[in-house]
Structure formats: structure tokens, C-alpha cells
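Novice: First, the structure itself, so that you have it in front of you.
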Amino acid sequence: MGPSAARVGALLAPLVLLAVVARAEEPHCVWYGQCYENMTTSFTHNCPYNGSALPMTDPSGIAVLQKWCPDLLAELQAQPGGLRTCCDHIQLWTMDSSLNIAASFMNRCPSCMRNFANIVCDQTCHPNQSEFMKVKDTTFNWKTNQTAVGRVDLHIKRAYAEGMYTSCKDVTFPASGNKIMDIICGTWGSWRCSTDRWFSYVGDPAQNEYAPFHVRYVLDQEPPWGGRSLSRKTTACNAPPSEGSLACGCLDCPATCTTAEKSHVTSFSKEVVAIVAGVLFVMIAVPFVVWEYRRASAGKAECSPGGTPAVGQRLAACDASPPPHRRADQDHDPDPVASTSRRHDYLHQPGLVARWGARWEAALEGAFAWWGALCAKWPWLVLLGGVVAVAALASGVPHLEITTDPVRLWAMADSRARLERQYFDETFGPFYRTAQVVLKAKDLPSFRYAPSKKEMEFGPAFNKTFLLEVKKLQNSLEDLAGLEEVCVAPIREQGSVPMPDECAVLSVWGYFQNSEDLFNAVEVDPRGYIISYIDQLLSCAHNPVSVECLAQWGGPVEPTAVFSGFLSDNAEPEDGAENEGLHPFHRATGVVITFVLRNHADPEKNAAALDWEKRFLEFMDNWDANERPNFIEVSYTAERAVEDALAAGSRADAPTVAVSYIVMVAYVAVALGRPARNMYNLLVGGGATLGLGGVALVLGAVAAAAGTFGYADVAATLVVLEVIPFLALAVGVDNAFILAAAVERERARAGEAAAAPSRIGRAVGRAGPSLLLASASECCCFLLGALSTMPAVRAFALFAGLALALAFVLQCSCFVALLTLDARRRAARRLDLCCCFHAPKPAPPHDVHAPQEGLLRRLFRSALAPALLRRRRTRAVVVVAFVALLCLSLAAAPRMRVGLDQELAVPERSSLARYFRTLKEDLAVGPPVYFVVRNGPDYSDPLVQDLLCGGARCRPDSLTAQIHSASKNAEESYIARPAASWLDDYFDWSAISDCCRKGVNGTFCPHETLSCKPCKIQLDPVVRRPINILIFEKYLPFFLRDNPSMQCAKAGHAAYANAVVLKGSAVGASYFMTFHTVLRTSEDYFHALAAARDLSANITRTINNVLAAAGRAPEEPYEVFPYSVFYVFYEQYLTMWTDAIFSLGISLMAVFIVSFVLLGFDVGSALVIVITITMIIIDLLGMMYWWDISLNAVSLVNLVMAVGISVEFCSHTVHAFAKSSETTRTRRAEDALVNMGTSVFSGITLTKFVGIIVLAFAQSRIFQVFYFRMYLGIVMFGAAHGLVFLPVFLSYVGPTPRPRTPAPKDILMLPSSADPSAADPEAKE
């Protein structure tokens, strides 16, 4: 809290209590003694005296001269006439009282204090006053029949005035972080103050109501009556004023500061990455094009007569493929092993690893065939077991905890920001809660007004009607029940009855103490200028700490916290270089009302605040809808508003998400059926039951995973609940399509029924290894992703890994059982979905149970595969195009924004979204930041004090000095102002004799209690600090309990009551508070965090190094850390790229290892899968930049999920390629594309696409951006790479085939008699 204006008047009184009655012949006095007291202002006036200086013999007067005027005293004592002055001891007592108050501001800087005291001493007591002052007017007091000085001219050498102003202009006022010139330069404030303006304000009663009479300070000319201007040598702030004294500290004198280290944030070099991407494209594309051209030329020669057919077919990929009907026959050759004889020239002699791999693959096929036959033999038992297992695990869902606390969601329990937040909350109490209203004038014009001569243009926020409506709204909000019980009241005494007017409400109406009478008052100053509410607003905006600007609750109101819109891009700066750095508050377009509420670590204690915030939001909703004037735009928030908006948004988007899943399920139900060539196929061959069963299994796996973690007491997040079903459906449905397609393509052998376990087992044996490859890769990918330090990513990875593992188990057991039952249903001619009814007509004459080729497969076989793979130029273009896309995405990825804009998390049209936009565009105050000194330092130790304080003798690299230096480099440090230093203010408070008072028994008394006696604190005579540890610790609690007032500005209760934690009489932890600059984007927030940590780390090093050099190193190093309420949410972004690369890298590594093992130790196939997935992820990162999707925890979860889904797009095709019996890479790639590409396209691409489109209509921007856009990108890039690039890539670099080792015949060729009922489905009916 700032000082009062009355105190300011007392401080400046010695400068204006000067009157001269000039006498041309000899220098003489112009006053002597005091003869008049103004009953209105309480200032005393000196008596005019036109005579020589008189002897000073009073000891108390001489003591005052020794204290404040050593230079003048030395001069006077050296004169022949002895000590003669133009002041008596009573005047000196008045001067002492005034300078004591001045010392509370200026004593931080000894040079400033000495220069100021010198001019006061010369003007008050100099024996030759008539040389530089002339009386222009006098005042006659009829009651006392005395004449007093009324108006004077005072001539000062400009160099003298400039020197004094320069030594004082940077002196700070620690409690508020302002400079003292904000207090003693009137409406000019420190930004616009100058020597002329300072002296003009001091002596002009029209500007300074505490000046007893008008003193016109003349700085540019000598006295016209033949005198001389007042002059004396001044001391620069970086020099000590006398021998044995100290220079000013860094905070008060920039010349004494050392160069501050510039903080920095390590980031990607975007240009370097772009260059690397360009070089990579040239290194890949150019050699490939040259090689392809030469290969094409060689291929023509080799394919021509006389060439080498075997070599030509292998390298040039000559089109020697058999006709389509033969290809189809080969696909279903009953003895595929025998077909290897047709490609003996393509095989090299397999090595040991290859033979082991072939045996491993055969063993896997045999195991899956055995398992599939077993599930097909006992389908109902398998289904019952699956249902029981799922029900047992899913019963833990009620125990599942859903994390909605943003702190737990975004920060690990052991993260630095989380631990520092916990320490701050436990030590000093949680950061306060706020409820805020931003009111912007709409369609109100700006207007011109002339305060203090100069006409200015004022923004619509100064419109009187607008401000009165603001007051009306503020009154209504203050009348909401319970505010006084939950608000912050800085000067409220403990145990006192809460009063509403004690609540800290930041508003422009605080400048009028909430009084409409003061607002409407109009005055005329002595020069005839009208003084209205606009003058008061402008004056307080530039000098909020003056007494007439203090709010009703006792504190100053920062203009940046109550005005908005004055920093907009279209706001023109004020005229003149003198205004550089000044905020143009007069251009404001809106105002802000902020209610500051108490916060508690225990959520139960916040119940009352939550109730009041609920009433606040309900009132504002109603006011906005029904009472808001048309000329006002409003946005508002409260501490609970974000969670309320998220809950409301989830409820609003629930129907959209439900429709999305319903559409996907409907598509699956239709797509799993046979082609509807006739009514019979439509009614009997449909797959709706099978599709619904497959989806039910997937959802059952998700429920079982959730229940398992519920039993394990592992919390889930909303991101998990929104993403896992989508992922599980993508993977589970794809597996269902692959299994169904495998069963459909598997021909029944002689005497074998369609639903025979042997046939089902063979189909599962063929598809199972591919499903295991994809599922195992995905599960390992996600479970290793749980190593991430981000809670949201870790929770997602754990849930995804378990859900996919359970889905795989259910697909390979229960879905196989469903396939068996569906085959039996078809054989029995029962209707789909209505299995109790038979088909209305008999089956067609052809074999309806034979494999049938669907439309999608025909399109792939006859159109896509030949067009893509049989033309060499097409393949080359595909490779170059995808490499170009890869390099472009690689160059764009580092340019992607990092962070999550707050407005994306709430519905776009909500009031909270309007508030976030207003916060970014119009508000101009940064969040507070606390530099916390942990327990340990002995604050009574002078060396420790020097390492922390910012005044005289304090080190230039002290804590407060480094923060001050950082504030000078605000663009990089994000520190807006010097820190409020309780230590410096305690020193100044101790040095004022009347500030500390104690009762008879030595207990604390407020300094205004005159019946208590002064403490008489013993001070170090040089630095004027408490002299020892006993004195320091004894009176520190007094300082922290004393409320500031006119007489004692540095009392610490309002500013520092919570800043210092006492352990007994010693100081435990403490903090030094300042503010960040205005932070508008996520990048601003986490760069501010990084810069603050850099600064605190340097402070910590300095403290410990200095103590170690002095031989006083502590057992455990002292620590200083920064804390702001937003740090815990933005810490994740400091390492977002590192976390992303780690999570994606470890996922890709897992995919490679699993692929290598399950593909029979085939390094080539594993590399092809990983390379393709990597390309998908990089292209997805590029899309995020181009589509304005930022990198954050939500998008990182989606990227990790993209790795898993990309496995589905790639692994099945690569596995099919490795198993293909075709003779060339191109034919094998074509075979894999036709056989597996159709399942991938229908199982993932189309299923997800139809569901994703619905998400575009979600109300929440987070759904639109991070789910619709990213999911669409995942599906589109995955499909493009899996169905276009991958087959082409395999046709060039695909691994060579291995000799197949047949699985045991008792498994693969299980006789149909294994299940007698399978041969005759009607037997069980």
C-alpha cells in the first residue's frame, strides 16, 4: 500500500516554506520563526523577517543541523560571526519531522537523501536567503494580527536542480514496486516526470494541494534583483555522499548495477531443420530418380528377347504376372507350400536366422489354428467365459477415479512445479481466488477533454454514463450475500467482524472511494480550469498511491488492473518522446472489476467461496441476458468457471460423440456382411449381428480395462474417456474385418462344413499372426509410453495398452466363437438379427456359402493395384511425392506452436470464451510472481541481508538487484517491475523513530497509538539497520503487524503480512513479489516460467557462492525459486518437444522390436513398418502446423495413438507381403494390397472416417481442433501411406520371401469330424 498525499505534503513542505524579503544592499534572511498555522491544511507558515541571520544556540536545533545539514553547518561554523541562521529551533523541529518522513522514501539512497536534505536546509536556514528568493505576496491573519509568507519566486541553478532530480528519480518504493517520483511528481508520475515538472508540481497549490503557498521555481535565469541562484554540489547516486557512508543500491541507482544475465529458452532452430529437410529431399529424390531412370532403361533391355528373364523379373519388375483368374486361384491354393517351386529362382539359400524365423512363424500359425479350432468347437462356452471375465473386471468401474483437477492432470506429483506449488501453499497459503468482470464500451465515441491545459482524446471508458452503469453493476455484485465472509481484506485485524467495505475490490471506482458524490463533484482550480472526474481518473491512473486515490479498502488500485483496451494495436501513442514507456490509459475502451477472494488448501474450506462464485456467475448470466445496456459488452469469469464450462461443454458434446459412435457401429454392422447381390444375401448373409457383437467385444474390453484400473486405484482422465473408445474401435474393428475376411476366403475342404472348427482354425491360423503382430506392437507401444512424465499421456498409455490387449484376447476368442455361430446361422438359413426365423425362400441354386468377392476387393484387384503398381512411372512419382511431403512436414514441424489456448477448452459461444478473448486482446496486467527463499538463511546476518536487499550497501548482485536488472530487460525476462522487498522496507521503517511503538509490557502498539512510547530501535550508524540479531528479530513482528498510514508509509501489514513466515522469533521462509509482463499466448506463459527459473537459479548460485567464499557455506545450499499460479500448468511445455520425441521414439522402438520378433526375426520387414509409421507421424506434425493445431498434452496423446493406429495401417500389409507366394516384389505387393488393403480400408479408414465427420459439428473447439482435425489427419495420412506408399515402397525394398515350413497337419487340417454338428447345422436344431 502506498503513502498518503498528506504525507507527501509534509515531505515537500520544507521546499515551499521559503519567503524572501529582499534587501538590495546586503544578503539577509527573508523569515525567522513561525507565526501562523493554516487551520485547513495544518501547515505552519514562517514569519517574514527582513534582517540578518541570528545566532543558533539551542542544543536541540544544533542537533537537527548536525543530523540533516552537515555541509551547511560546517560552512556556518567556519564563518567569523559563528553559527548564525535564518531559522529558530522550532523551525528546525518542523524540518526534522518533515525530513524524517522524507527519509522513509529517500534514505534507501544516501546520495538522494543528502541532496534533498541540502536544498531543504539551505532554503530553511541559509543566512543569505535573499540572494535566491523573493517574496511576491503575503497573507495576513486577522485572528493573530500577523503577516505570513504567501507566494515567492525561488531561483535555482539548473545544474543543481538536475543533479538533485537525477539522484532521486530512480529511487524505488519497495512495497508497491513503484518509484518515489510516482508519489512526489503528481499526475506526471515517474514515467513523465522531469526536473521542471517536479519543481512545478512541488510549489503549485493548483497541482499539489498540500503546498501551503505558491512557490515558482525558476531554473533558467539568474535573479533579476542582482542576487544569485541557489546552487550546491550534488552527489551522484553511485557515489557516497560523505566519507564512511554508502552509495545507493542497484534498485535505486542503475549506475551501480552489474549487467544482468539474459535468460533464454532452448528451442529448435527452425532454419536448420528446414535446411536439413531440403538436403534430405535432394539426397533421396535425386539419386532415386537417376536410379529409377537407369533401372527403367536396363529393364527394357532385360525384358527384351535375349535378356535374362530371372534377373529381369526380379530387378526390373517386368510384367510377367499371371492372369487375374490364376492369381485368384493362387490366393487359395490348398497347398501353398508347393507353390514355392514356381519361384525357386527368386530365393536365395536361407540362413540360420531365416530358417529359425520360418519355424517360428509356422509355430505361431499352428498355435493360432489350434486355438481357433478350439474356440470354434465350443463357441458358447467361450462366449460365456468371455462375458464372465469382462463382467468381473468391469465391476471395478464404479471404483474408477476420474481426475478433473487440472493440477493433477497436467503435472506429475513429483514435478518441480507441483512440489513448489505445494511448498508455497503450505507455507504462505494458496494463491487467492478471483471473480472478474470486463466491461467494454460499445458504440460510444471517444471525446476530447483538456485536463491541465493540454487537450487530449479520451476513450469511451471515460464516458460518464458508462461509468455510472459500471458503478450500478458493482454495487449489485457487492450486495451478493456472503462476500464479506470470503473476500480478502488486507488491513482487517484478526478476530474483527468482517465488513463489506474492507473487501479488496479492484475497480476504477476505488479512485473515488466508491462515492458517487466525489465522482460528480466539479471544482475550479485557482487558474480557472474545471476539475472533474476525468482529472481524478487520469491523476490516479498515473499516481495510484496518492492518498486521494486509495480505495475504500485501504489499498492502491493499479491502473493496469482496472483499465482495458488501451494497449490495442490500433491505439496511437501519445505525442512526444517524453512519454516513451507511458501507458496511454486515457485511450481505454473498457474497465475491469475484480473481486479478490480467500483460497484454502482444503477444498472443504472453499465451499463458501464456491457458493458465492456460483451466485456471482448466475447473477452475471442474468444481467448479461436481461439487464445489460446496449452500449456495453461484457465478459466475466470466476475461479470455478472453467470447471463449470468444461462440464457443460462435455454435456453439450455428448450427443455429438454418441452419434459419431452410432454411425461407426452402423457402418461396421453393414460392412461385415456379404455383398447384397440378392434378397437372400441381404437377409441371411448380412453381418449386422456379427458387427454388433464385435463392437460389443471392443466396448467390453474398454470397460474391463477401466474396471481393472479402478481396482488398482489408478485414476483416469477425461482425455482417456474420450480417446480410448475411439482407439479401441479403430483397432478392434480392423481385427474383426481381418478375421471375417480370412474366414470368408478360407475354402471348405472335401466333406468339411462351412462352420467346421478345422476351417475356422485354418482361417485364424492365417490371420492370427498378423493380428498378434499389430496388437502386440500397439500394446508395447502404449505401455512403454506410460514412461512419460506427463500424467495425461501416462494415463492414456496405460489404459490404451490394457484395453487393446484385452480387445485382442476377446477378438481371438469370443469373436472367433461369434464367427462360428454366424457361419452356423447362415448354414441354417436363419435371418440376421432375427435368428429365430428362417429365410422366407430357399437358397439360390449356386453355393451361397462359397467365398464371394466383394465390390471393394474387385476395385482393389482390378483398378487400384494395377494402376499403382504395374506402372513404373506411377510408382516413382508416388515415392517422390511422399518423400517431398515428408521433407515439407519435417521443415514445418518445429514451427508448430506449443501450448493450449484457454479458449479452445470451452464452447466457442460461451461467456468464458468471450472472457479468454478479452483477456488476450484487451487486458494489460501480468500475473504476480513470487521469488521464494526457502528456510535457512539467517536474515539478521549483515552478509545475508546484503545478498537479499536492494538499498545502500546491498550487493549489486543481490536478489532484489538481479530482479530489478531483469525488469530492465523485460522483453526477455518477462519481469515487469522490481520486487517488493520486505527487508528494505523493514530497514526504513526501523529508521523512523515514530513508526515503532510498544506498550508498557513491551508488546506491540500501532504507531498511531500515541499513548505508547517509541521503541527507539538501535541502528547501525552507517547502514541504518537494526544493529544485531536480538533487535532485528524483536521488532520484525511489530513491522509485520503495523498498518501503513500518513505518518508511517513503510509499515508492513498490508504488503507483507503473508510474505514472511516466523519460526518463533526467527524468519523461516519469505518471498519477494513482483509481476510478469502482460502474457497473452501459451508461448508467453512458458517462456516467462523459463526466464524466471533462469533468474532464480542465478540468484541461488550467487547467494551460495558468496557465502562459500566468506567461509560460511551452509550444510545444504540455500534455494530461491520462482512461483506463480500458472507455472504448474505450463511447466509441461518447457519439455514438450523432449517429451514428444521420447514418447514417440520409445513407441516406435517397441513397434520395431515386436515386429522383428513376430515376423520371424525379419529386420527388413520391421524396418519397413517403422519407417512408414515414422513418415506418417512426421506428416501429421506438418499437418498440425498447417492446420494450426498446437503441440500439447492432448495432441501428444493423439500422436501416441497415431503410432498405434498406424501399426494397423502397415503391419497387416507387410505381413501379407512377407507371406505372399508371388514371384516378384511388385506382384507380392499387389497381392498384399488386394488381400489386406481391403480389410484395412474398410476396417479402419471408412469406419473412422464416417465417425470423424460427425465430430466436426461438436460445440467445443477442443473437439473440433484436437479430435476432428487430428483424427481426420491420422486416418487420411495412415490410409495414404498404408494403401498407396507402403505397397510401392515394398515393391522396391520389400524383404525377400522365406521358405515356408508347414504347420502340423493335425492342427491345420483338423478333420470335420471334430465337431459332428458342424457338418450338419440342422442336427442341433
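Cβ from N, Cα, C; glycine included.
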Novice: If you look at how TrEMBL annotates this chain, which of 442-467, 572-597, 936-961, 1300-1325 comes out as region 'Disordered'?
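Specialist: Based on what TrEMBL states, region 'Disordered' spans 1300-1325.
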Novice: Could you pull out which residues elsewhere in the chain have a CB under 8 Å from any CB of the transmembrane segment (723-743), counting only those six or more residues past its ends?
Specialist: 661, 664, 668, 671-672, 687, 690-691, 694-695, 697-699, 701-702, 705, 759-760, 763-764, 766-767, 770-771, 774-775, 778, 796, 799-800, 803-804, 807-808, 811, 815-816, 819, 823, 1197-1198, 1201, 1204-1205, 1208, 1212, 1236, 1238-1240, 1242-1244, 1247-1248, 1251, 1267, 1271
Novice: Taking a Cβ cut-off under 8 Å, which residues six or more beyond the ends of the transmembrane segment (1166-1187) line up next to it in the same chain?
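Specialist: Sequence-remote neighbours of the transmembrane segment (1166-1187) are 777, 882, 885-886, 888-893, 895-896, 1144, 1148, 1151-1153, 1155-1156, 1159, 1195, 1199, 1202-1203, 1206-1207, 1209-1211, 1214, 1269-1270, 1273-1274, 1277-1278, 1281-1282, 1285-1286, 1289-1290, 1293-1295.
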Novice: Restricting to CB pairs under 8 Å, which listed stretch, 272-291, 654-673, 1140-1159, 1270-1293, is in contact most with the transmembrane segment (876-893)?
Specialist: 272-291
Novice: Check the transmembrane segment (796-821) against each of 272-291, 378-397, 654-673, 1140-1159, 1232-1258 and return whichever range has the most CB pairs under 8 Å.
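Specialist: Looking only at 272-291, 378-397, 654-673, 1140-1159, 1232-1258, the most contacts with the transmembrane segment (796-821) come from 378-397.
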Novice: Between the transmembrane segment (654-673) and the transmembrane segment (1232-1258), do 3 or more CB pairs sit under 8 angstroms, pairs being 6 or more residues apart?
Specialist: yes
Novice: Take the transmembrane segment (771-790) and find every residue of the same chain, 6 or more past its ends, with a Cβ under 8 Å from one of its Cβ atoms.
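Specialist: That would be 364, 368, 410, 412, 415, 731, 734-735, 738-739, 796-798, 800-801, 804-805, 807-808, 811-812, 1132, 1135, 1139, 1142-1143, 1146-1151, 1153-1155, 1158-1159, 1169, 1193, 1196, 1200, 1203-1204, 1207-1208, 1211-1212, 1215.
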Novice: Can you tell me the mean pLDDT for the domain 'SSD' (653-821)?
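Specialist: That region's mean pLDDT is 79.
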